[in-house]
Amino acid sequence: MIRFSSAGESHGEALISLIEGLPAGVPVDLEFVNRELWRRQQGYGRGGRMKIETDKAHVLSGVRHGKTIGSPVAIEIVNRDWKNWEEKLPVEAGDPAKHQVVASPRPGHADLAGALKYNFPDARYVLERASARESTSRVAAGAFAKLMLRELGIEILSHVIRVGHAELQRTATWDEIVAVNAKDEVLLGCVDPETEARMKEEVEQVSRTGDTVGGVFEVVVHGAPAGLGTYAQWDERLDGLLAWSVMSLQAVKAVEIGRGVTAAESFGSQVHDAIHYAQESNGRPTRFIREQNNAGGIEGGVSNGEDIVVRGYLKPISTLRRPLESVRFDTREATNAAYERSDICVVPAAGVAAEAMVALTIADLVQRKFGGDSALEMKRNFAGYIEQIRSY
Ligand SMILES: Cc1cc2nc3c(=O)[nH]c(=O)nc-3n(C[C@H](O)[C@H](O)[C@H](O)COP(=O)(O)O)c2cc1C
Ligand SMILES: C=C(O[C@@H]1CC(C(=O)O)=C[C@@H](OP(=O)(O)O)[C@H]1O)C(=O)O
């Protein structure tokens, strides 16, 4: 079983990721891990914080001489912004008056629900952990899950389908998704330049008006074999597990598997992916193939050998430069919602964080199915199963 947990506040000293259950012998490419962290920081519409941070993974345990050793991997990522908050948010008991109070809750953020739940006098205490700064820890751990999956030829990437009203109107190929993620400058992570330009206009418009914008990202798992997840028990279905892991990201409000949303308004003959039997299908481990993949690679809660496709729908960011109405925590007087600084569009970054969640979910299922205390053992078990499918 592969488990992931994290600790750390948005403006605290550092973030910590803990990932347990990785086999020994997985090559650890720290440049890759740091590139993943960099990718999560990109995208047109990020706020001032991303100019302060340069996220880098500092591995504290679980790796020796460039390979995992089967023990828990702990990773630290320093918050550069902490030095600006060290006095305002001390760990020791101090004078709460020195805290920079968040006096009125932002509609759409965790401020009010969190303050009521934990009995906090203001939203500062809430946002420190509710903040999507936490998604950095997920990306660090997800990078390790990706490194394990890479050993088996399974790759995971994302791209942006929609920002506000601008939407990609076609299916992206895997090669296009690889190419857009290989760029050293990320605009909005869309495979089509013309659509990406319209996405940029959407962000520019909200930037002018003090508003924010959401959108849709798509995560694709390439090279996964048929047989991950099962219909045998409700909490072991692959679609359910992926939906949970992606929905758990900040601001994701809906998850779609394949073309799940449009399927609901279409006829069965238009939705279901006809099955063909081909002698060879471009090196894929199954000879049952489909010409379309509306199912998003999952049928009956089990991967079917096609690319696994998961979309996340992001609500617009809730901190608005032109704030919504709110109420002061202390006096209950009507006022505007708090505003310090904020992102205005985070769809590409959320896609990268979702890749990490998908990678952790798939890695867990792979580890459960193929086992192995070492990468060698896991690869041998995996190869045996692929051979079984090939000769089915
Ligand atoms: C990468 C990323 C960056 C985010 N940046 C901000 C931000 O700058 N300001 C903000 O109000 N919300 C931001 N959010 C969204 C909030 O974290 C989120 O809306 C909040 O925690 C409430 O959770 P919920 O939207 O899931 O209900 C961001 C989300 C992601 C995924
Ligand atoms: C720090 C990150 O995102 C933050 C997520 C976030 C929120 O409310 O979710 C609010 C902002 O924090 P700050 O108020 O410090 O600018 C974002 O910058 C990050 O993505 O690394």
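Positions of Cβ are set from backbone N, Cα and C atoms, glycine also.
Per TrEMBL, these features apply:
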BINDING   R40, R46  NADP(+) binding site
BINDING   R129, A130, S131, Q250, A251, G300, K315, P316, I317, S318, T319, R341  FMN binding site
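What TrEMBL annotates, mapped onto the structure for a quick look.
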residue : record               : CB count, 10 Å
R40     : NADP(+) binding site : 26
R46     : NADP(+) binding site : 19
R129    : FMN binding site     : 17
S131    : FMN binding site     : 17
A251    : FMN binding site     : 21
K315    : FMN binding site     : 15
I317    : FMN binding site     : 24
T319    : FMN binding site     : 22
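Proximity to ligand 2 (Cβ under 6 Å from any of its atoms) holds for these binding-site residues out of R46, R129, S131, I317: S131. Checked against ligand 1, the binding-site residues R40, R46, R129 give no residue with a Cβ under 6 Å from it. For the pair formed by K315 (FMN binding site) and R46 (NADP(+) binding site), distance between Cα atoms is given as 15 Å, rounded to the nearest Å. Of the residues the record lists as binding FMN, namely R129, A130, S131, Q250, A251, G300, K315, P316, I317, S318, T319, R341, the two whose Cα atoms sit farthest apart are 44 Å from each other. DSSP classifies R40 (NADP(+) binding site) as helix under the three-state reduction.
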